[in-house]
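J.: Okay, these came from TrEMBL:
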- 55-244: domain 'Rhodopsin' (DOMAIN)
- 253-520: domain '3-beta hydroxysteroid dehydrogenase/isomerase' (DOMAIN)
- 37-58: transmembrane segment (TRANSMEM)
- 70-90: transmembrane segment (TRANSMEM)
- 114-139: transmembrane segment (TRANSMEM)
- 151-171: transmembrane segment (TRANSMEM)
- 194-214: transmembrane segment (TRANSMEM)
- 234-261: transmembrane segment (TRANSMEM)
């Protein structure tokens, strides 16, 4: 029996895996092979991803200083899978991989197919890891979008649902087709060349890849950025390139938990323009984002040590300073400490740390010089030497802006100032809060003055976009080898920024009232004479001052006067040099702001 088996194996040793074509002889010793090509392709397909992952991890850890997360770990595992696959492929060259079937001995097919089983499983699982890594990267980039988070979780579920049966089919088909009995019958696989299972899973895999591709394309389409940058981002994602480092690198947002600051953080998270975001604020309890790209540091810009210590931890190249007390806070010393001393501290620390870019949130009130109306003021308007009595906020913001623009060009620092008008939006605990409470209490029908004075407002999301556009322009200037023409310069310049849609001041109040379901008709409005209202307000100030030994009421004559004045500004310069275009109009901005307020303080409406 043993002799018979040995004879059979000896015969099979020279039996080809399949008959050669007519006129062709099997060549087991020196066959034609694509082995060298397969080795080169295999090594390159392993080395290039390995280098990419190493650079990614290095940049994540030491450049942007972000924590290593699941998407990074899965990338590393995928590279290991690629190494295993290439090793198995090279090993399988000895079993006939890369040769014609008639140049392979039939007996070698057993080992060949067993190795192919493992190779197919490894590549299927590696593909699964790559897809999951991409989806988790999207989760990091677009974490603030509820829809994107849901799309990512659906994608992860689909990857798992498709991969597990696919692995099972691969193992079942390949193991069954490599049984020794099949070799003895010389029929190596009873399935068709391309089975229904293979076609089905291939279709599912292609659909899944397009689904994964759709997630960033959908997200980029809704970003607040120039169309040219949108097209560039879509092109990058469309050809499969992943953005691991944003244009701005590490960004340091001073006052990042405030109204404007947290909208800047949100914009950076949604756009992926920053690799790391550090929020520096005196309190970080409000408006926080649970995202691994954001770090929160408590500190005060009035303390140079606090600012310097925080900056040294971040390796930031961009500072956006939005910090300022409430303009209505009647504490001159606080306004001076933050808007003047604090601004100087940030500038000094920025230059000491080698920061490249500094964007400062100034105010449209820097041009206020009297009780007169401000009508379509632009950047050529002179800044008053002595603002009106009591306008401490205007004076301190003017001095702060001058410090920032004077620092432009020092130690490689480029600076600009964004002059915002009255701001509102989600997270607004001042203007929107007051307007909602007035509407709820029935006080929205009382309008001071004629009710026709035009006023400029700006939605916080639009203001955030404007700051990022300014930072990007400064970064472009810092990298440019050619001087920027004066008519295009952003560094050393100030820019008015509004929603570009002035309306009568008290129309804002009426729109808020309509949004909460208490609309006001023209006949419901009571117009109160400005002089009379200010007289009683001034009397109340004196009484409060005397009764509280220096205190001040919540509503003053100056506040009421502002509501009856014209405050409009020309944003042509911001449009031309920054490419600023308000994306969210006044009606939509008011809706978002009111819904947020009611959801967080009244629970009457959903904030979606």
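A Cβ is built for glycine as well, from the same backbone N, Cα and C atoms used for every other residue.
TrEMBL labels come from automatic prediction, so no person has curated them.
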J.: Using Cβ atoms and a strict cutoff of less than 8 Å, what residues sit near the transmembrane segment (37-58) while being 6 or more residues removed from its termini?
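T.: For the transmembrane segment (37-58), the list is 68, 72, 75-76, 78-79, 82-83, 85-86, 89-90, 93, 97-98, 244.
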J.: Mind checking which residues reach the transmembrane segment (70-90)? Cβ under 8 Å, same chain, six or more beyond either end.
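T.: Same-chain contacts beyond the flanks: 38-39, 42-43, 45-46, 49-50, 53, 56-57, 60, 97, 115, 118-119, 122-123, 125-126, 129-130, 132-134, 136-137, 139-140.
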J.: Mean pLDDT, the domain 'Rhodopsin' (55-244)?
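T.: Mean per-residue confidence for the domain 'Rhodopsin' (55-244): 70 out of 100.
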